[in-house]
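Colleague: Got a structure for you, written out below as structure tokens; questions coming shortly.
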Amino acid sequence: MNIAEYSVTKKVTTWLFIILFLAGGFTALQDISRLEDPEFTIKEGKVYTTYPGATPLEVEREVTYHIENAVQQLQQLKRVESISQDGFSEVTVVIKDKYKKSDFPNIWDELRRKINDVQSELPPGSNTSVVLDDFGDVFGLFYALSGDGYSYRELKDYADILKEQLLLVPGVRKITIDGEQKEVAYLEISRSNMAKLGISNEQFRSVLKSQNLVSNSGNVRVGDEYIRINPTGQLKSVQEIGELLISGSNNTLVRLKDIASVRRTYEEVPKKYTYFNGKPALNIGISMLSGENVVTVGNRLDQRLAELQTVTPIGMQLDAIYNQPGIVDVSVTGFVLNVVLALVIVIVVLLFFMGLRTGFIIGAILLITVSGTVWFMNAYAIDLQRISLGALIIALGMLVDNAIVVAEGMLVRIKRGEDGIKAAREVVSATMWPLLGGTIVGILAFAAIGLSQDATGEFANSLFWVIFISLLLSWFTAVTMTPLLCVQFLKADKPGEGRTDPYAGFIFQKYRSLLSTAIRVRWFTLSVVIILFASAIYGFGYVKQSFFPDSNTPMFFFDLWNVEGTDIRKTRDDLLKIDDYLRTLDGVVSTASYVGSGATRFTLVYSPESPSSAYGQIIVTAESLDDMQRLQKQVLDYAAINFPDSEPKTKPLRIGPGRDAKIEARINGPDPVVLRQLSEQVQQIMADDGSAINIKDDWRQPVKVIRPIYNEKAARQLGVTRENVSNAMLTAFDGQQVGLFKDGIRLLPIIMLPPAIERSDVSAIRDIPVYSPVLRDQIPIGQAVSDFKVEWADAKIKKRNRIYTITPSCDPAQGLATPLFERVKPLIEGMKLPPGYILEWGGEYEDSRDANAAIGSTLPAGFLAMIVVVILLFGKVRQPLIIWLTVPLAVIGITAGLLLMNVAFGFMGLLGALSLVGLLIKNAIVLIDEIDQQIDSGKEGYNAILDSAVSRMRPVMMAASTTILGMAPLLSDVFFLDMAVVIMFGLGFASVLTLIIVPVLYAIFFKIKAST
């Protein structure tokens, strides 16, 4: 008793499985985790170290060098990158692709230990390094909290309440608050007062520290009580700072308020500004636990926020900048509708070609298989997202193939009047192992993506597993449930109604005649195919190339780069003018502006820009994709006219891994000066092309630096150290911290500085007072400094794998990057580089190359396994050779489709091509196995070929038609467009290969002559 006979005779067991699959799928659909895009691990960590007062070169040599040395000891390290700038070191640690998400806690712990060990090697004055291992955290619910008339402190107080309450919502993992302005207490004292009284910064620091220090005053026993002693005198408000007494050089005591003004405010020069629709705002980012249904968690958060409306201050509002649950709900709903539409299309095609009963049987099997697939997806924590849903659509046509073969065989036998159980037994016995082999081959075609270890492979990994689950289930349902349904619902023809030959119809006979002719003129047929194949290979050179497409979410980023060294307040003013302009345009829903750095990572493919006072970004949400395209052009035109010295750039939201610049030429070598010269040459080549925009390099422009020339001899006579000079300059312009004011949970720095009018007067720089311990009085700094020079210096020093690296980059003005890249690549590579300098290509080229290389590294194993499976199925050589000779010919349909539809071939198109290999081989296996069986049964070779091909025509055409039409809904999805075109056109021609070329090759290889 084989599996089909068991399934038919043990109906209860089979029906139990049918019910389990349907019920399990329905239940799983309610519970399964939903995401917009699949999760993939950002395999990067950051190490931040501050070194106040140090130049970029000092930071690089004294801090970054030691951090890089420690990082390089990690065995898991793929590469290390660093940025050294004024007083700040940023080291990026990139981990090898092979490590999984579960490995990273141990990796980051090891990194922390190594960074802790190296702290003793860092110079005095540098602060303890901070390891940021949550750099890749995604805060998919991203809000802006704003309110007219509310201070940043009031916004922060309410944001803290929201954070406290929302963290209690099930499914919420972490909440971050960004954009808070730092409160400070400014102690303004004029230089003349400082000089008159002869007061040093250290005296201010000493008075403020002693007054605000918490100290233990002990306890005293009074009778039976033991009472704590707590003296008064601690500062209760910022105004009380003015009541403190300080001694001048003549030992007279004066109150601070008599010589200085004290005010509580926000930092005059903050590190970052945040705005929403032009109003100051705080950002609240909410991340969710992995595996949660983000739509469900989003609904819980919405409910809790609605409940908190009663305590929301009047006029304060919380607006969503990015609402991942809402986007996921719309996206997944749209995809589910596409799956349903594809399912309907497939069933309609089945009904049309196979009749009502058979069509409904195969449609039911398809529904059962899809339900079972969703059930297993939920059980194995495969999310419902763009890739997994796309895989379901891809699989639909493949899922019916097995059922069609079994149903077709049983339909023919039952109509002839054979017993249903016997028909089930014989059909399944003859086809189950070829179908299983073909199914395994179809799965192995996607194994390259399943085994790929890079970020792209991780991003598309669920595609393989959904195909794996669904195809195996399709084979199981084909050999178990399909025979049962066929026995129960298919009926034999009544006497006189049925044809003696089920393949006597017009279409079958026309195909038989065409195939007979092709075999008779086999060498001509083969020549035509070879010519078509050569033409396709040539034509593929004209196919546009891409990597991943842009998102269809109507959101884009406007980046503004001012000249390096620009005051952050100037960058803020410029960006807000552009923000105001954007909000006057039709089609703008909202704007969120950031000055000094980027936003919180609110989607996996968004990477925030490193801090820079010259940088600003506006996140623009548009009403539609058409509006988005128009708005990008309008804002770039406005910026070009009104801010000609700035570098504006727009970029849409991406799908999948990638980077900002499409074309990057990395140059590394030992001398920063030579690197800048080479970068300028590369940028000139890009500019000369005429179709490149956003031309720049990542070191940015050199900046001016004022260098006081320390007069060591005169300064030593006065007792003035280099540190004294630095502190005097710091106090004179930025202000120097001289204490802390405790306000509940907040610590406010007390900053001493001169009035604004004195700080803005650079001409009086020689008169800045510095305290002389020898004279016990303030003296002009010019007595300790011989001169002030203005020099140019690098604002940033970047290294990659501990070698100085500069990266000039550009984007195409329109269209894809490949044509521009192919034009500038030979010109840039033709540059003569000095010894010791190396050119490497980054950007989209590197991303695509690495992704293809990762798949290419696993592809041989997958193809070898496919070859082995085919050989094991036949136990011979010629049959597998015929099958594999037809595989490359699929490129004919692929090239024709891409050129006809004017679609670029990208990473998803490559996956579509791999799926074609599986489909082609699977159909060829079943056809050749049928030919072999008929020849083994004693039928003459020529007739065996014709009869087998005719019997396989309907299943092949049915599988092709269902797959092609089932893919139609994906033509409207930019992410799956190239895959859909590759499969639809490739499979169309692959069906011809199966039905014409495979029989012709069989006749050639086995020397079967055409009989009359």
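The first residue you see is number 1, and the count goes up from there.
Just so it is clear, glycine is given a Cβ too, placed from its N, Cα and C backbone atoms.
Dumping what TrEMBL says about this protein:
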type: TRANSMEM; residues: 12-29; note: transmembrane segment
type: TRANSMEM; residues: 332-353; note: transmembrane segment
type: TRANSMEM; residues: 360-381; note: transmembrane segment
type: TRANSMEM; residues: 387-411; note: transmembrane segment
type: TRANSMEM; residues: 432-451; note: transmembrane segment
type: TRANSMEM; residues: 463-490; note: transmembrane segment
type: TRANSMEM; residues: 521-543; note: transmembrane segment
type: TRANSMEM; residues: 853-874; note: transmembrane segment
type: TRANSMEM; residues: 881-901; note: transmembrane segment
type: TRANSMEM; residues: 907-928; note: transmembrane segment
type: TRANSMEM; residues: 956-977; note: transmembrane segment
type: TRANSMEM; residues: 983-1006; note: transmembrane segment
Colleague: Can you name the far-off residues of the same chain, 6+ from the ends of the transmembrane segment (521-543), with a Cβ under 8 Å from a Cβ of it?
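Modeller: Contacts of the transmembrane segment (521-543) (Cβ under 8 Å, skipping residues fewer than 6 from its ends): 888-889, 891-892, 894-896, 898-899, 904-905, 996-997, 1000-1001, 1003-1004.
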Colleague: Are the transmembrane segment (463-490) and the transmembrane segment (881-901) close enough to be called in contact, which here means at least 3 C-beta pairs under 8 A that are separated by 6 or more residues?
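Modeller: They are not in contact.
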Colleague: Please check if the transmembrane segment (983-1006) comes into contact with the transmembrane segment (432-451), where contact means 3 or more CB pairs closer than 8 Å and the residues in each pair are separated by 6 or more positions.
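Modeller: No, the transmembrane segment (983-1006) and the transmembrane segment (432-451) are not in contact.
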Colleague: When each of 387-411, 432-451, 853-874, 881-901 is checked against the transmembrane segment (907-928) for Cβ pairs under 8 Å, which one has the most?
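Modeller: Per the Cβ under 8 Å count, 432-451.
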Colleague: Which of 12-29, 332-353, 360-381, 853-874, 881-901 shares the most C-beta pairs under 8 angstroms with the transmembrane segment (956-977)?
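Modeller: By the under-8 Å Cβ criterion, the transmembrane segment (956-977) pairs most with 332-353.
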Colleague: Please determine whether the transmembrane segment (332-353) and the transmembrane segment (387-411) are in contact (criterion: at least three Cβ-Cβ distances under 8 Å, sequence separation 6 or more).
Modeller: yes
Colleague: Hey, which bits of the same chain come close to the transmembrane segment (387-411), Cβ under 8 Å, at least six residues off its ends?
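Modeller: Residues packing against the transmembrane segment (387-411) from afar: 4, 37-38, 332, 335-336, 338-339, 342-343, 346, 350, 354, 358, 361-362, 365-366, 369-370, 373, 377, 420, 423-424, 427-428, 430-431, 435, 438-439, 442, 459-463, 466-467, 470-471, 473-475, 477-479, 482-483, 486-487, 490, 502, 912, 915, 918-919, 922-923, 926, 951, 954-955, 958-960, 962-964, 966-967, 969-970, 973, 975-976, 979, 983, 987.
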